[in-house]
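Over in Swiss-Prot, the protein carries these features:
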type	residues	note
BINDING	Gly478, Pro479, Pro480, Asp481, Thr482, Gly483, Lys484, Ser485	ATP binding site
CROSSLNK	Lys559	SUMO cross-link
DOMAIN	452-602	domain 'SF3 helicase'
MOD_RES	Ser89	phosphoserine
MOD_RES	Ser93	phosphoserine
MOD_RES	Ser107	phosphoserine
REGION	138-169	region 'Disordered'
REGION	187-353	region 'DNA-binding region'
MOTIF	106-115	motif 'Nuclear export signal'
Amino acid sequence: MADDSGTENEGSGCTGWFMVEAIVQHPTGTQISDDEDEEVEDSGYDMVDFIDDSNITHNSLEAQALFNRQEADTHYATVQDLKRKYLGSPYVSPINTIAEAVESEISPRLDAIKLTRQPKKVKRRLFQTRELTDSGYGYSEVEAGTGTQVEKHGVPENGGDGQEKDTGRDIEGEEHTEAEAPTNSVREHAGTAGILELLKCKDLRAALLGKFKECFGLSFIDLIRPFKSDKTTCLDWVVAGFGIHHSISEAFQKLIEPLSLYAHIQWLTNAWGMVLLVLLRFKVNKSRSTVARTLATLLNIPENQMLIEPPKIQSGVAALYWFRTGISNASTVIGEAPEWITRQTVIEHGLADSQFKLTEMVQWAYDNDICEESEIAFEYAQRGDFDSNARAFLNSNMQAKYVKDCATMCRHYKHAEMRKMSIKQWIKHRGSKIEGTGNWKPIVQFLRHQNIEFIPFLTKFKLWLHGTPKKNCIAIVGPPDTGKSYFCMSLISFLGGTVISHVNSSSHFWLQPLVDAKVALLDDATQPCWIYMDTYMRNLLDGNPMSIDRKHKALTLIKCPPLLVTSNIDITKEDKYKYLHTRVTTFTFPNPFPFDRNGNAVYELSNTNWKCFFERLSSSLDIQDSEDEEDGSNSQAFRCVPGTVVRTL
């Protein structure tokens, strides 16, 4: 028998077979969880009271019903807040059904989804509008009273007898359906359809004008004067806005006050919401487009829902409307009323504007040295805001005649005043109209630049200034761009002289300006001009009286005023003009006129410098004031307006 395995040295210890039993907790490949204790035995006690099988009492049922109702209300309010946030129109409007109407037009498929059953009548409508029960705004009595039915029942023209019978049955069914529907819902649908139809109309302005007249009882055109261009600026504007949210009406006064000097605000309520009528005077002139953008931002409405025009400032009816409504409790007024309202509503102003006086207009033109008709008309019309006589002029139908008469009389007065003055008085008179002192040195420096001795020039200039016979004509000759015309034009500008041109020599009246001139200039005399002067003007250059032909007037006998001539031809070098050598004093300007790097003249020959020149050299030119005139002139200022006697008590 073979040896038993594992039995060596039998008898010395444990011998024989023994049984080993292993305990397997997890089979091979089993994943052991880290967060659970696998050794804990599940006794089943944690499943106790998992299901509540206790008796339900009456009080617990009421609490559960109350909790369910509160949860439902909370969910409903949350849904409504989301609807207001995401389904609202871009402009806040009290007409809340417009939002869903716009939504249905943008997405017809979304509008077709219905959770409630609609009546059969809806299928026959072309446009369907829904009611927003959660809008928060109710329909006013005006909307309920003016609501009209949207569709009219009728029989199709193309249908036969059978179709007519079916249509009749459908109409009868619809009538029963309408009887079941609430009356308020029909009115709301009708009002919404009318507003949508208005917004879709081609002439929105006409619809707004009609609604304005319906609300305020007068036409918008009666208060305004229309401007065609949106870029024309004006200080006063009349604005009518429609469909404004009621919350804006409370804050509009505070919003518009920093932008305006005067505001007349009226608010009314109609089926479209709040309607605004406001007369504004801004701090600066604004155009219609600027006013529209500003108020569209303040009122939160589109620009096409506003009527914006300037007020009718010459209408007494319009001024009376703003005045009467301003003192009533229907309006809010900010600031002082414009002068055009006060002028037409206060009795004293009305009496002062009743009669126009031409003498006041002539006196104004004389004082401001304005003799041109167009300038008189424009400048005097600008005074209509504060001058009662100018307002009467604007209200007259003979403005053209008044302007012509005023210009004629002003020229007569000016001409008589000029002829009455000597050259010394005239230079002083012209200098008194120029402000500033100036500097006489640039004139002397320019003469030296042209190689002209100042003392001989001053002697001959004195004889020319006083109109000495055969010495009352000075010719400045030389090459081009030497400053001849610049020198003579600056002198004529200071002395208030006139300019004649040989280009008009074909006319008999080209010498007519010499009649009304104290000094004169003939610029750029050419060869034909010198020939004409040598042929016809010798007696005139001698300083003797000469007859001048005037247009539409008789011949006038005048003495030629001091005459300046500029030319590129030196008559002293040509023998054919020998008869003019003794009648014309000639100075030559040989050097070009200098300019600096910036293109400015080096020698400034301005009116202020000429004023300083005559004041500085008055004794050399024999135009200084006498001892009797040093204290001022004794003559009074010219007045063509009759004086008034003040009667004291």
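Using N, Cα and C of the backbone, Cβ positions are placed for all residues, glycine too.
What Swiss-Prot annotates, mapped onto the structure for a quick look.
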| residue | record | Cβ contacts under 8 Å, 6 or more apart |
| --- | --- | --- |
| Gly478 | ATP binding site | Gln450, Lys484, Asn568, Asp570, Thr588, Phe589, Pro590 |
| Pro479 | ATP binding site | Asn568, Phe589, Pro590, Pro592 |
| Pro480 | ATP binding site | Asn568 |
| Asp481 | ATP binding site | Pro592, Phe593 |
| Thr482 | ATP binding site | Gln450, Phe589, Pro590, Asn591, Pro592, Phe593 |
| Gly483 | ATP binding site | Phe446, Gln450, Phe589, Pro592, Phe593, Tyr603 |
| Ser485 | ATP binding site | Asp523, Asp524, Thr566 |
| Lys559 | SUMO cross-link | Gly467, Gly543, Asn544, Pro545, Met546 |
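DSSP assigns the residue listed as 'SUMO cross-link' to a strand in the three-state reduction. Apart from Gly478, Pro479, Pro480, Asp481, Thr482, Gly483, Lys484, Ser485, the ATP site neighbourhood in this chain, defined by C-beta within 8 angstroms of the site C-beta centre, holds Thr566, Asn568, Phe589, Pro592, Phe593. For Lys484 (ATP binding site), the count of additional Cβ atoms within 10 Å of its Cβ stands at 26 [all protein chains shown].
Confidence in the motif 'Nuclear export signal' (106-115), given as mean pLDDT, stands at 58. Taken residue by residue with DSSP, Gly478 (ATP binding site) is part of neither helix nor strand, so it is coil. According to DSSP, Lys484 (ATP binding site) is assigned to a helical segment.
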